[in-house]
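J.: The domain 'Thioredoxin' feature in Swiss-Prot is assigned to 16-162. What Swiss-Prot lists as active site, cysteine sulfenic acid (-SOH) intermediate is Cys58, and the listing cites sequence analysis. Under the heading disulfide bond, Swiss-Prot lists Cys58-Cys92.
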Amino acid sequence: MTTFLGNPVTFTGKQLQVGDIAKDFLLIATDLSQKSLKDFEGKKKVISVVPSIDTGICSKQTRTFNEELSELDNTVVITVSMDLPFAQKRWCSAEGLDNVILLSDFYDHSFGQEYALLMNEWHLLTRAVLILDEHNKVTYTEYVDNVNSDVDYEAAINAAKILP
């Protein structure tokens, strides 16, 4: 059971499992352009999912994965939240991070629904990490049980680094 602020939450959709092929998504970038998995075709993808970039844990998660993994060959680190693209852009500017890929699911929540990440009670995304290979095959997942806690950074970073 997943909890947020001590209360149980429910999700729509089916959580991704290792071995699944991730379905395409359509998210909004900080420049208001639309982005899909096709935009990152042929690259390994670390998808860091957070409820809101403006919280301490979410900020830490975004910064940690970008600092630890953005230099990996043929790899992109993508952070997805429900924040408006304007707030995401403001956060990047305030944090001095220019190369962070922040995408928003605010428009229709389809990413959260398809990947079983949308907390129905809050209309926010849960905390998770999804790692996909160049062919969008899922190689690692972590959906946290307590949204107010950190992901297992060490496990996720190691999983990303061992991808061939």
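For all residues, glycine too, the Cβ spot is worked out from N, Cα and C.
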J.: Give me the CA-CA distance between Cys92 (disulfide bond) and the residue listed as 'active site, cysteine sulfenic acid (-SOH) intermediate', in Å, as a whole number.
T.: 13
J.: For a quick check of packing: other C-beta atoms within 10 Å of the C-beta of Cys58 (active site, cysteine sulfenic acid (-SOH) intermediate), how many?
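T.: Taking every protein chain into account, the count is 22.
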J.: May I have the DSSP-based helix, strand and coil counts for the residues of the domain 'Thioredoxin' (16-162)?
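T.: So the counts come to 43 helix, 42 strand, 62 coil.
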J.: Count the other Cβ atoms sitting within 10 Å of the Cβ of Cys92 (disulfide bond), across every protein chain shown.
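T.: By my count, 19.
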J.: For the domain 'Thioredoxin' (16-162), would you mind checking the mean pLDDT of the predicted model?
T.: 96
